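A.B. asks: These came from TrEMBL, pasted as-is:
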COMPBIAS  199-208  compositional bias 'Polar residues'
DOMAIN    101-170  domain 'Cupin type-2'
DOMAIN    289-341  domain 'Cupin type-2'
REGION    199-219  region 'Disordered'
Amino acid sequence: MSQTEPDEQELEEQLELSTDTRGILERHNLRPLWEVEDDFGNTIDDLEADIWKWEDIQAAIDGVEDDVPIADLPPGFQRRVAVPINASFGNAISNTIYVGVQTVSPGETAPAHRHGANALRFTIDGSEDMKTVVAGEEFPMADNDLITTPQWEWHDHVNDSDETAAWLDVLDLPLVLDSLNARNTFENHELERQPVTKTQGYWGSQYGQGRPEGASKDKDIPGPFEGIREATPPHRFKWSEMLKSLRQRAENANPDPYDGYSLSYVNPATGSPPLFPTMSFRAQLLQEATDEHFHNTTEVYFVVEGEGATHVDGEALEWGERDIFVVPPDATHHHEPEDEEAILLGMTDRPVFEAMNFYAEASPSS
Ligand SMILES: [Fe+2]
Ligand SMILES: [Fe+2]
């Protein structure tokens with residue numbers, strides 16, 4: 001630095017305001033920037049790395065399921081969910097992405113509602129008879145299937161199987177509710193279950209190899225999903241198909257240095273990632289240790305298969321199947337599968353940073 005910065009007391013003496021000026025400022029709710037600039041960027045603490053082990057989550061969701069039927073939950077979201085809380089943030093795993101582990105017992109329904117936040121389900125324990133109903137269509141939830149819930153679209157969860165179903169809910173709730181303060185975007189349906197008005201596979205079929213005449217990427221011509229404009233359509237990404245694509249990639253392409261063999265889930269309406277305007281998701285097959293990097297975005301992970309460790313600023317988060325962990329912004333990290341391979345579901349708030357032209361990434365070695 002070429003100049004010596006004045007200390008705080010010197011600054012106050014140099015910049016002392018007259019009593020008159022101070023009075024005018026105070027009467028009209030004005031403050032000099034130099035007195036408030038240090039307040040910016042300090043309203044929340046820095047996010048820290050953290051991990052939740054599946055055996056602990058399992059014990060928690062089993063206990064909550066035994067103690068509380070969904071029907072007894074108070075009005076509101078009416079979902080039976082155990083929510084990983086990052087102690088450095090306070091009410092979710094991060095300040096942008098929320099994850100929760102939801103259960104629905106055999107014969108139970110999680111009632112229909114809708115909200116402005118983007119949402120998806122990633123099935124942990126599911127079956128063809130566990131269904132999430134979205135925009136009039138029943139979507140079966142087989143293990144590791146990912147099902148989108150468009151913004152402001154009705155959805156309810158119905159367990160017609162004889163086993164408890166569990167899945168990961170992922171939403172941009174902290175961003176929507178805490179940062180944007182968009183609180184009036186929630187509504188309960190008048191019925192517990194919305195009417196099923198579409199045949200199974202309808203929404204996916206309209207965004208597959210054929211589309212109805214007139215539907216295009218042109219923003220003035222709506223796609224087959226007539227919900228809120230430009231919301232991600234309802235879609236079931238079958239894990240069996242994602243896994244085949246991932247294996248094809250491993251056999252025919254080079255791994256990404258930082259994420260292994262990695263495929264991003266696409267928005268069916270555009271054919272490109274990100275899946276949502278606020279969150280992007282990828283399936284990652286790791287066959288060897290990745291290189292270190294860091295970025296100004298947050299990454300949340302769910303371990304689909306295998307064991308290993310993710311090293312975050314020198315701390316090893318040792319993970320096994322179904323564990324959930326978070327890598328905070330600007331932390332140097334790399335992944336290391338323990339055995340031959342591991343598969344992760346990677347979730348990131350990167351689309352928000354890219355929309356603001358604000359994304360930055362680097363490798364310590366570069
Ligand atoms: Fe919901
Ligand atoms: Fe990363």
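Cβ from N, Cα, C; glycine included.
Because TrEMBL annotations are produced automatically, they should be read as predictions rather than curated entries.
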A.B. asks: For the domain 'Cupin type-2' (289-341), would you mind checking the mean pLDDT of the predicted model?
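C.D. replies: The average pLDDT of the model in the domain 'Cupin type-2' (289-341) works out to 97.
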A.B. asks: Residues sitting near the compositional bias 'Polar residues' (199-208): Cβ under 8 Å, six or more positions beyond its termini, same chain?
C.D. replies: 134-135, 137-140, 215, 223-225, 233-236, 268-269
A.B. asks: How does the domain 'Cupin type-2' (289-341) divide up by DSSP, counting helix, then strand, then coil residues?
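C.D. replies: In the domain 'Cupin type-2' (289-341), the DSSP-based counts are 0 helix, 29 strand, 24 coil.
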